[in-house]
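Okay, so here's the structure we're looking at.
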Amino acid sequence: MLGSFSSNNSHEEEEQEHHHHHHQHHHHSDSPSDLQHHQFHYHHLIPHHHAPPALPSPPPFPTPPSTLSSPASPSVINTRQLLVTCAELLSLSNFAPAHRLISILSANSSPYGDSTERLVHQFSRALSIRLHRSAVAAAAPPNRSSLLFPHRSNSSTVFGFGVDSAVRPGQGSDPSALQSCYLTLNQVTPFIRFSHLTANQAILEAIDGQRAVHIVDLDIMHGVQWPPLMQAIVERSSTNDKNALLLPPTLRITGAGHDLEALHRTGDRLSTFAQSLGLEFQFCPLLLPHDALSVALHAAIPSEISTLPDEALAVNCVLCLHRLLKDDARELSIFLRKIKALRPRVVTVAEREASHNHPMFLQRFVEALDHYTAVFDSLEATLPPSSRERLALEQAWFGREIADIIGEEGEGRLERHERFESWEVLLRSSGFVNVPLSPFALSQAKLLLRLHYPSEGYQLQVKNSSVFLGWQSRALFTVSSWR
């Protein structure tokens with residue numbers, strides 16, 4: 001299961017695996033509203049009942065080359081090269097030939113085909129968004145020439161090619177649909193479960209022996225990360241002292257999000273679950289506006305994120321720090337220094353292992369193409385073509401990300417993923433030290449993959465005291481722990 005990734009991973013692998021775990025089977029609910037009705041055993045992973053039998057993994061996208069039959073050219077066309085050529089044309093503002101290539105790609109791809117066809121479909125849609133915005137900006141009056149990428153336009157067609165407003169980043173996004181996609185992503189892929197599991201183990205070890213714990217979750221979503229940790233805290237407190245049964249520590253969670261009602265629902269579910277465990281618990285919602293996320297977080301620290309004298313603080317940053325990046329990292333560096341000043345016992349960071357923040361569009365495009373090729377291939381090996389969950393993830397979740405990375409520029413671009421090396425430099429410069437993840441954390445992550453996902457696809461690697469999750473030879477996600 002432990003593999004070596006070919007991309008930017010030349011360091012020696014470290015691994016120790018512990019086998020002192022006992023597997024128990026528990027049913028889990030599709031709905032976050034049912035969290036309180038089940039016992040979540042953190043150290044005993046929940047079987048994944050929803051995943052269908054694994055399908056054979058398709059070949060990597062570039063080799064052998066996919067083919068498209070083009071009305072303009074009957075010859076065999078490498079679809080990857082066609083996508084890159086289209087991106088090159090757009091970077092040079094050659095809109096007419098770019099439009100012709102997008103039309104060819106769109107006509108020869110499908111959201112219902114194999115992984116390559118689905119990938120090309122999403123990238124051609126994203127390219128059409130960029131074409132639309134670039135052409136509108138180029139046609140703008142001179143006094144508007146500085147607005148290279150306007151966020152709104154009255155026109156929905158460029159060169160006769162329609163732009164689907166539903167996929168435009170930053171608009172038309174249905175929050176409930178995204179919430180549903182998040183739960184699906186958590187159920188049918190290991191990406192979020194791996195991130196939560198590994199981060200939770202780091203937190204559990206950092207707060208061992210503390211009587212009061214405060215966790216700050218910078219993007220709590222449905223709060224699905226925390227019931228297993230609550231269960232583990234209660235179990236650990238009952239076994240730590242052989243002579244006396246200890247009460248578990250008090251737990252306070254500050255959860256950040258964009259929807260106050262959703263935050264309250266999350267808090268209610270977690271409170272009900274904590275009560276069922278006999279765990280003293282408090283939930284503090286932290287509302288952040290969509291359009292000023294970094295400003296709001298700066299304002300919230302330390303005024304809203306305060307700790308009591310006897311509290312052990314843990315800060316959880318799962319798949320959220322990249323959204324605080326701008327064209328330079330100074331603002332995020334200031335934010336991290338504020339976090340450091342709170343003296344947390346641990347800061348957990350989970351991020352994509354991808355470089356989607358490069359200022360040059362073409363380099364960003366190629367990086368995104370390689371990253372999402374692996375993601376879409378992993379979905380094909382995990383879910384059948386007819387899967388509604390797969391279609392929803394590819395269109396509403398990953399398609400939205402692709403549209404943001406490819407179609408947006410400037411302040412409108414949110415999905416600014418960076419590789420671990422960049423996060424390492426930023427965190428160290430902000431005063432943090434990398435805390436190695438334990439062998440048991442690694443064994444838990446390996447067990448998760450072994451039980452629920454295609455055995456020949458997903459791989460783990462330990463590098464620089466952090467854990468990387470990848471598909472075949474490409475690392476896709478990383479989790480690290482800092483103090």
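Quick reminder: no glycine exception, Cβ is built from N, Cα and C everywhere.
Caution: TrEMBL annotation is automatic and unverified by curators.
According to TrEMBL, the protein carries these features:
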type	residues	note
COMPBIAS	19-28	compositional bias 'Basic residues'
COMPBIAS	53-65	compositional bias 'Pro residues'
REGION	1-36	region 'Disordered'
REGION	48-74	region 'Disordered'
REGION	313-404	region 'PFYRE'
REGION	407-483	region 'SAW'
MOTIF	213-217	motif 'VHIID'
MOTIF	321-325	motif 'LXXLL motif'
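Confidence annotation: the motif 'VHIID' (213-217) carries a mean pLDDT of 97 in the model. Assigned with DSSP, the residues of the region 'SAW' (407-483) fall into helix, strand and coil as follows: 28 helix, 23 strand, 26 coil. Under DSSP, residues within the region 'PFYRE' (313-404) fall into helix, strand and coil as 55 helix, 13 strand, 24 coil.
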